[in-house]
Structure formats: structure tokens, C-alpha cells
Amino acid sequence: MQLGRHNSGSIKKRLEMYILSIISASLDYKSAAIDIRERFSYTSTRIREILRRIKAADGVSGAVLLCTCNRTELYISGDNIENMNPALLLCQLSGEEDHKSLMTLFSIRHDSEAIFHLMEVACGLQSMVLFEDRVITQVKNAAAISREEKTIDSTLETLFRLCITAAKKAKTEIKVKAVPTSAAERAITELSKKYCFTDKRILVIGNGEIGRLCCKKLIELGAEITITLRKYKHGEIIIPVGCNTIPYDEREEVLPLSDVVISATTSPHFTITYDMIEKLERKPEIFVDLALPRDIESSISNFTGVELYNLDRFYTDYSVLNQKEVSKIREIINHFILQFEKWKDYREEAAFTKIPDLHNDTLYGRFPLFIDLSGKKVLVVGGGEIATRRVKTLLRFGADIYLVAPHLTSELQEMLNCKLINYREGYYESQDIQNMFLVIAATNDRETNHKVYLDAKEKGIQMSIADCREECSFYFPAIFEFDGIVGGLVSQNGDNHSLVKSVAEQIRKIGQATD
């Protein structure tokens, strides 16, 4: 792209703002053992501190730090950052003095390589558990923290949004073979090949997501589970069905009664120490540490008859079983990389225009198009509160509603009594979608909603899927009207429903005030 023909220093300045480089540093289970990885494992508070420090560096426009039990990855965008070493930054900010040896464990990627790698990470292709579910949430949370700290710029915001969308599309459309969906499931699956857990007494330390998943899997295998609970100041305590509970502080009392101990907390300190085990006459046979930083002091493996497992001992390469699926996921990745390149091209071209409105670097994903629904057949699958709200809105636009659900809310029943809607009692079947103009899936069952999506996609029917915005061909709007004006509100990505609802309410109040 040549600048000379434009004779504008301001355009060059705008281009410097818009065309930013991306650089990343990655440390994961492939390059570093767990004792190294835990040195670069950070609390949420520490992540925020690191992001603020990096954002303040010269040339840095944005920074996102992804930190999981199996990887630490730093993504930086900015101008003239090609010579920046993000691995060195992490070493310095982590207080590590042995920079030279540690930096060799990091993979440094620039621009297209960094973009492709992040896409693969989000889709689970780089995970220790291939195609794992949790990584999507972890990538999403990393971007959210950067957003809260104001360290994410539009380049990384767009990249992470597209990565998350690609990952959810891959998860929805590609079915894989015999792959555990989490570290917890993988650990229990691998251990059950060597040990029989039936009637074994198992202590699970940590009532987070991983701990609860372990409990669920072990109960299926016939184990007797005791799980620890902390005294939380906020939030609901979820106790897995079939588990006994004890306070976290009483875990030592249960150790001599346990055959197996599994620990999966976010504690910065050991939950099980050498001293705790040394004084026991009867020691648990198996210890499983699913935390990073590690929960269980590694020296307990020195005791006779004690086996200690950590995350690195559960790696299994499932990619051989799923080569076709991996290829399909990479096709999805390439599609979203093209979307990102399209967005970058838009920014570059917008920098040359004199029209101020085009200097906005947001490329909207959906166009808000109002269509005539008068007499058009619309299928609504579901009979709950969400379906009720959808039907009430659609009726105001003259749609011919066909409803399929095993049960109806009282409001929907009243609409049926008044012959405002057509109704078939029962569960959704593919034939229900025949000759429909639009389809709304609003059940509380993911499998049903996904089936509606697949059927609608096959027949080329526009669909709104209440529990999965990635499966929506259109987002169902919040409607407002006053003084002859009818409008619909959605967020750019189809999420943030509470904000959309709040804004719509404010607009309605303004309309009422002007009446």
C-alpha cells in the first residue's frame, strides 16, 4: 500500500493507529514440565497487575494473558513491537532471574502464526485433552479480564471474539471420537484402566468445576465420595449428588480413612503436605493432583505404597483417532482467519477516507433488517418463559405462530384458548419445520435446540437459537415503539441480554415521556 499518492501525514498517522502487529509467547505442557509451568501460573490479581505493566510499555496497544493449568500465553498488539520479546517480559514480571534458559521454553509467534495458534488453542487442538470444553471459557475469561483492565484494544478484541466464535462453531458442528472433555474426566478415565474404584473411599479436595466433575465420574464408577467445602462469602455452594461433605479444615481427619485423594483447588498453598502423610499409620494409596500451582507436595511419592499423579501423567494423544475431525476444524479456523483479515482490510481502507463515520474500527457482524412477518409461518419450539416472550413479540408483527412443546405456560395456554396460536403437544420432530418462514428454538434442552438448528440450516430457513448465539442466523431483538417508531435492539455479538433489555426499557420510558 503506497502512501505518497495521498500526500497526507494525517493518513499515515491513522494507518499507524490501525495497522498493528501481533506477537505472542507461549509456554505449555509440550515445552515445559509442570514444575516450570507453575512458575508462570498466576492468580487473577497477578494477571491484572502484569497486564497493566505490559500495557504501559512503549508501542503496546493491547495485551491479553491466557493462563490455564497447561499453558501460559501472552498476546500483545502494537506498533513497532517486532523486536519486543514477550517471553522476556513474562520472565522479568514473574521475578525469574534465569532468563536465558527459561526463554528457550517459550514459542514466539508473529502476526499470522500467532493468530492461527490462538484459533487452534480456542478450538482445543493445542490442549492436553484434545477438543476439551473448558478452554473456550478460559479464552473468553482471559479477554474479559483484559477488557476490565482496559488493556485489550480493538485488534485483540476482534481476534479473541472471532476465536471464541470459531471454537463454538467447531464444538457444535464437529463430533469427535472417544475424547474426554476435561482434565478431570481424562484423569479418572485413565486411572480406571489400572484401578477399580468400586466401593473405594475417595476424598476430593476442592468443590470447583474440576472437583465436581471428578465426583460425578467416580460416583458412576461406584466409589464412596467425600468432598471438602470452604466457607464462601459469596455465591451458591453446589454439592454433587451422592457425595458426603466435610469442611476443608477437617480434611486431615479423613485422610487415614481414604483410599484415594484427589485435589483440585486454586489455593496458592499445598492442600496435602509431606508432614500430613508422614504421621499417618494408614496412608491413602493414590494421590491425584489436578491443580496448577500444584496442591500436593511432590515428596509424598517417596512413601512406600503411595502413588502420586499430576497433570503431566495423563497426556494421551487422541488426534490419531480424529484426523478427519481435526481437518474439518482447521477449515473452520481458516474461515474465521479470513474474517479477521477482512476486518483488518476494512480498517486499512477506512484510514484513507475523509468520511469520519468510517474511522470507527468496529465491523458489525449483523445487519438489522426489518422484514414483513404478516401471515408468515413461524415455528416456535418450546413452551417456557422464553418461548412465551418470543410468541408475544411475534404476534404483534402478524406472524402465524406454530408452537411445539410438551407443556405450555399459562400465558401460552391462554393464547391457545383464544386461537392466537397453533399448537402441537409433544417434542420437536424434523417434520415440524416444513414450510416455515422462520424458526425459533427456545427449549431448555441443548440437544433439541441443536437439532432445530441443523434442520433449519439444511433447509435454508432463518433461525434463532436461544441458548447458542453461534447457531443463530439472526438475533431475536428487544422491541420498543413510540410515536410511530418501531425499533429492535441487539448487541453486536448477540450476548449481553441484560444491557439490551435495560437500554430498551430506557428508550420506552423516553417514548412515554414524550407522549
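Just so you know, the numbers here start at 1 and follow the chain as drawn.
Glycine is no exception: its Cβ is also placed from the backbone N, Cα and C atoms.
Annotated features, as they stand in Swiss-Prot:
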BINDING   Ser26, Leu27, Ile47, Arg48  NAD(+) binding site
BINDING   Thr68, Cys69, Asn70, Arg71, Ser127, Glu132, Gln138  L-glutamyl-tRNA(Glu) binding site
ACT_SITE  Cys69  active site, nucleophile
SITE      His117  site 'Important for activity'
BINDING   Gly206, Asn207, Gly208, Glu209, Ile210, Gly211  NADP(+) binding site
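On the structure: features taken from Swiss-Prot.
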residue	record	Cβ contacts under 8 Å, 6 or more apart
Ser26	NAD(+) binding site	Arg71, Thr72, Glu73, Phe106, Ser107, Arg109, His117
Leu27	NAD(+) binding site	Ile36, Arg37, Phe40, Arg71, Thr72, Glu73, Ala87, Leu90, Leu105, Phe106, Ser107
Asn70	L-glutamyl-tRNA(Glu) binding site	Asp28, Tyr29, Arg37, Ser127, Met128, Ala183, Leu292, Leu311
Gln138	L-glutamyl-tRNA(Glu) binding site	Leu66, Thr68
Gly206	NADP(+) binding site	Ile227, Thr228, Ser263, Ala264, Thr265, Thr266, Thr271, Ala291, Asp295
Asn207	NADP(+) binding site	Ile227, Thr228, Leu229, Arg230, Ile237, Ile238, Ile239
Glu209	NADP(+) binding site	Arg134
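When the Cα atoms are compared, Gly211 (NADP(+) binding site) and Cys69 (L-glutamyl-tRNA(Glu) binding site) turn out to be 14 Å apart. Here the Cβ of Ser127 (L-glutamyl-tRNA(Glu) binding site) has 24 other Cβ atoms within 10 Å, regardless of which shown protein chain they belong to. The NADP(+) site, placed at the center of the C-beta atoms of Gly206, Asn207, Gly208, Glu209, Ile210, Gly211, has further neighbours from the same chain whose C-beta lies within 8 angstroms: Val204, Arg212, Leu213, Cys214, Ala264, Thr265.
Taking each Cβ in turn and tallying the other Cβ atoms within 10 Å, the top scorer among the binding-site residues Gly208, Gly211 is Gly211.
The binding-site residues shown are Ile47, Arg48, Gly208, Ile210; of these, the one with its CA atom nearest the CA of Glu132 (L-glutamyl-tRNA(Glu) binding site) is Ile210. The separation of Cys69 (L-glutamyl-tRNA(Glu) binding site) from Gly208 (NADP(+) binding site), Cα to Cα, is 14 Å. Ile210 (NADP(+) binding site) sits 24 Å from Arg48 (NAD(+) binding site), taking the Cα positions as reference. Taking the Cα atom of each, Arg48 (NAD(+) binding site) and Cys69 (L-glutamyl-tRNA(Glu) binding site) are about 18 angstrom apart.
If you take the Cα of Ile47 (NAD(+) binding site) and the Cα of Cys69 (L-glutamyl-tRNA(Glu) binding site), they are about 14 angstrom apart, rounded to a whole number.
Taking a C-beta cut-off of under 8 angstroms and a sequence separation of 6 or more, Cys69 (L-glutamyl-tRNA(Glu) binding site) has the following same-chain neighbours: Ser41, Ala183, Leu290, Ala291, Leu292, Leu311. The most crowded of the recorded positions listed here (Arg48, Arg71, His117) is Arg71, judged by how many other CB atoms sit within 10 Å of its own CB.
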